[in-house]
């Protein structure tokens, strides 16, 4: 392994945190990790690898035949017809070398100026593919943010993008990394090219590709097991995890995967979001394309967890992250850090780190989103659309309850074997941690659910049979088909790291409550005692502050939550939604009602009681944090303060470079108090009076109608 210090090369925008090489223990632990990843089946066999290469070769032949066909049809001269060419490039996990068995191949077709996206790519090429017997499950997605065609070629899944360059002939040695390739290209072409350009840049910006690949395989597997691998759900996707791992490789250029995995959790536990993760300095370029810059672009100030792509134009690859999903990932980073520290003390192993997250044990309240369609093809289209909209439900609930009701979307769908044209999604719900619950307090999200369903049913390709329903269920009512083998476990998981932490948290909560009671009694006896006790509490808080607490920006990131999520001592709220027609509305002709139905069944803490809902409670004004953005953006601040021992304090992970750009009045922006806002404009409910600052606690009802019960399930 080449030592970075010896060859003088520096990776990234800052100096490395440590140039130390691996110890003998690191070598042993890395071998154990590699064997673990092999044993769980993350590496494909040689036969499958050969088959992938054959499929890519066949795809290359298909697009070259396609470009000849359309060139001839458009009457190009003999020379251009002879030179007509289209090239295939790969990107994503396959190009990075971290794909596993059965993974799809992300591919890009680059064509000339006369081969259009709408008429030729989604027209003629789609027709050619549909007539080939080796092509199955063909489904075009022309209206996506990055338009693509998905299909299987000889059993291998392919996602094919298209880039139309302003060239008459595509050279066989085309260099897509050169910025000039973007000149005069349309926006969809720029986005399509970005995947390949970013992937190749990542491989250029890491000090050791093999260590990067092993570490990335580890982190991708961990993220999937812990339920935080899904860009569409508001977590992080493959490219996001690759960029995060690449930054750790830059900060520890001589470390082996064992140490890189440990440092990954330590760095990102202390990262002060929304400071961005950058692999290289951002290039504003000469083509005038918009790059990520919160000082110039107001929308960029709303991003919760910016992870910037290293190829021009630099973009935020993680714009889907919301306040709830950031909180969940931050908690998972903390869990990973704790386990890695326990592994160093031989108190844990790789099995502990990769324990699956027990989603259906973590909450007491869930939303169940059921969809159905008339046939398999319609269901596939309907699923793709609904999945792309589920994040909007999370954002709407967060905004309409002023972040008092937190959502945890599950990253996978479930299907009941007895209902083949039916699919279900789930979302965990809990009250915001650390906020005392008033007796009888409820969240009313009926109107929010109605708006979401109305938006979903606005699908341009909607046809009769595509239906969606949303219902509230308790943990005890979760359908059996979500469990392995369709059998509900008789008891919750015991003996796992997460279950032990839940027990410790319950004990800690009980002890804290007892201490508080004792202190209150003592303070009522003596004013002097009260002052002394308060001083003691302040000293205790000062002693207990950790480095992580200093480094994390509390305005943006909630305190890492226990995995228990709603199992604590505070009473769980109940949730309220309104049933639609027959509890399964397609909503095509029904506008959103101004007032929710009155005759709904409510579920409060006492399940046996039901109470009628008279009206939706009106939330109070939001806190001052959410009312405005700061006037300046100081982008020169360090992500982490300078600390003397920078090997143990991973906060020196990135010094954010200062941008030259300023606002029109010459003042930079400050990145303080930024809130995630809903993309779609939605009216705020009327507030009859403005409460004082101390009275701004939202009046929220959390009674959720069980549509399933209303439907007789």
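Positions of Cβ are set from backbone N, Cα and C atoms, glycine also.
Just so you know, TrEMBL annotations never went through curation; they're auto-generated.
Residues or ranges marked as ATP binding site in TrEMBL: 91, 92, 93, 104, 105, 106, 159, 229. Per TrEMBL, the feature Mg(2+) 1 binding site maps to 104, 106. Residues or ranges marked as domain 'Poly(A) polymerase central' by TrEMBL: 211-355. What TrEMBL lists as region 'Disordered' is 480-556.
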Item to check | Set of same-chain residues at least 6 away whose C-beta sits under 8 angstroms from residue 92 (ATP binding site) | outcome: 99, 105, 106, 195, 199, 238, 239
Checklist entry - What same-chain residues, at least 6 away in sequence, bring their CB to under 8 Å of the CB of residue 104 (ATP binding site)? => result 150, 156, 157, 158, 159
Checklist entry - Can you give the mean pLDDT for the domain 'Poly(A) polymerase central' (211-355), rounded to a whole number? => result 95
Item to check | Whole-number Å value of the largest CA-CA distance among 91, 92, 93, 104, 105, 106, 159, 229, listed as ATP-binding | outcome: 19
Checklist outcome for this item: Candidates 91, 229 (binding-site residues); min other-Cβ count within 10 Å returns 229
Item to check | Largest tally of Cβ atoms lying within 10 Å of a Cβ, found at which of the binding-site residues 106, 159 | outcome: 106
Item to check | Secondary structure composition of the domain 'Poly(A) polymerase central' (211-355) [DSSP: H/G/I, E/B, coil] | outcome: 74 helix, 6 strand, 65 coil
Checklist entry - Far apart in sequence but close in space: which same-chain residues, 6 or more away, have a Cβ under 8 Å from residue 93 (ATP binding site)? => result 99, 100, 103, 106, 220, 238
